Amino acid sequence: MYHVFNKLKSKLTGFKDKISSKIDEKAVAIEPEAVADAPQEEPTSSTPVPSAQETVESKVEEAVPVSEPVSEAGSVKNESSGAKKFGFAQKAKALVFEREFILEEDDLEEPLWDLEMALLESDIALSVSEAIVESVKNQLVGTRRRIGSNTGNIVEDALKKAIYDVMSANVFDLDDYVKDADKPVHIVFIGINGTGKTTSIAKLSKRFKDQGMSVVVAAGDTFRAGAIDQLAIHADKIGVKIIKHQEQGDPAAVIYDAIQHAKANNVDVVLSDTAGRMHTNINLMEQLKKVCRVAPPDLIIFVDEAVAGNDAVERAAQFNDAVAINGSILTKTDADSKGGAAISIAYITGKPILFLGMGQGYDDLRKFDPKWFVDQLFAE
Ligand SMILES: Nc1nc2c(ncn2[C@@H]2O[C@H](COP(=O)(O)OP(=O)(O)OP(=O)(O)O)[C@@H](O)[C@H]2O)c(=O)[nH]1
C-alpha cells in the first residue's frame, strides 16, 4: 500500500467517522417513532435499498424543500438561516412509509467545520478547502438516508467526489501526447532551486527511452555551479545524449543547439533543464522568456516539492501567471504525509499534475491519476 499522505488520510477517516456517528445518532432518535408508525414492511426486491452512490445521487429533487425561493441559477436560496428545511409532509412520508430521513444542513455544520480545519491543517489551500467542503455539503444536504443503510459509504462517496473534482483539472496524458506529437517534442522544466527538476528530467528521460524513444537533454542550468555536471552524470547513467555549454553561458543558446541536434538526428524528445529561479527574479524570468522565444517549447512543466505545501501551491500559481505552464510534477511525495499540495496545485493553476516523484531512483516516478490518488486516500 502507498503510505504517503497518511496524515491527510487519517484526517479524512476521522471526518467520515464523526459525521457517520452524528448521522447515526439522528437515525436512532428517529427510528422508534418511524418503526411504531410505519406499516410493518421491510424493503423487498421491488423496493431495493439504494447503493451509497444512488443515495448520494438521489438528492432532493423528489423531496424538494418546501416554500423556498429558487435562484435564477437554479440553486436553492434560503432567506433566514441558510439551511435547507424540508416540509413536515415530506419528512413524515419519508419517515413513516420509506423509513428514511433527510439530512439537513444543521446536521452537518459542525462536522463540516471540522473537515475544513482538517483540510487546512493538511496544507490544502484555503480556496481549495472551501471548494471541497461546499461540494461535500451540496452532495449530502438533502440526501434521503434510509435507516439502516451504510452512512459511512455515503460520506466517503461525497468526499471522494469532492476531492476528485478539484484535482482533475484538464487532465492530459504526457506519454500519449509525446507519442502522437510532431517530433522533436520540446519540454522545458521550470521551478525554484533544489525541488527536483534535474532528477525529474532524468526520470522522464529513462521513461521515454524505455518506451523506445530517443532523448536528448539540454543543460540549460548554466547558472548554478555543478548543475551541468549533475545532469551529465544522469545522462551518462541512463544512456541519453546531453548538449551542454560552459557555465554562465546563455541557456537559450544551449537549448537551441539541443533542438538543432534533435532535428538533425531525428531525436524524438528534447528535455531542457533551466536554472532554479523565483518568479520575482526579473533577470532570470526574462532569461526564461528568451529561452521560450529562441527555442519555443511544446510544453512547459513546473516542478516543485510536495513537502513545501502551500508555498509550492503559491509558486505554481505565480509561475503559471508568468509563463503559462502546461502541467506540474510534484516531487518528494515519499517525504510528505500531508498531501495538501497535491490536492491544491491542479485546482489553483487549472493545469494537471502529471507525475509524482516518489524517491531518488530513476523509476520512482508515478504517473498521476486523480482517481488512483483519491482511492488511496480511502484505502483500508
Ligand atoms: N526523496 C526524494 N528526493 C528527491 C525526489 N526528487 C528529487 N529528489 C532529491 O532532491 C534533491 C534536489 O534535486 P535536483 O534534481 O538536483 O533539484 P533541482 O530542482 O534540479 O535543483 P537546482 O539544480 O538547484 O535547480 C536531490 O538530492 C534529489 O535526489 C523525490 O521524488 N523524492
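Backbone N, Cα and C define each Cβ position, glycine as well.
All annotation found in TrEMBL is predicted automatically rather than curated by experts.
In TrEMBL this protein carries:
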REGION    32-57  region 'Disordered'
COMPBIAS  42-55  compositional bias 'Polar residues'
BINDING   191-198, 273-277, 331-334  GTP binding site
DOMAIN    352-365  domain 'SRP54-type proteins GTP-binding'
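In the structure shown, the C-beta of Gly191 has more C-beta neighbours within 10 angstroms than that of any other entry among the binding-site residues Gly191, Gly194. Compared over the binding-site residues Thr274, Thr333, the count of CB atoms lying within 10 A of a residue's CB peaks at Thr274.
In sequence order, Phe189, Ile190, Gly191, Asp221, Asp273, Thr274, Gly276, Val303 make up the list of same-chain residues 6 or more apart from Lys197 (GTP binding site) whose Cβ falls under 8 Å from its Cβ. Cβ neighbour count for Arg277 (GTP binding site): 21 (other Cβ atoms within 10 Å of its Cβ, all protein chains included). Among the binding-site residues listed (Gly194, Lys197, Thr274, Arg277), Gly194, Lys197 have a CB atom closer than 6 Å to some atom of ligand 1, in sequence order. Counting residue by residue with DSSP, the domain 'SRP54-type proteins GTP-binding' (352-365) contains 0 helix, 6 strand, 8 coil. Looking just at the domain 'SRP54-type proteins GTP-binding' (352-365), the mean pLDDT is 96.
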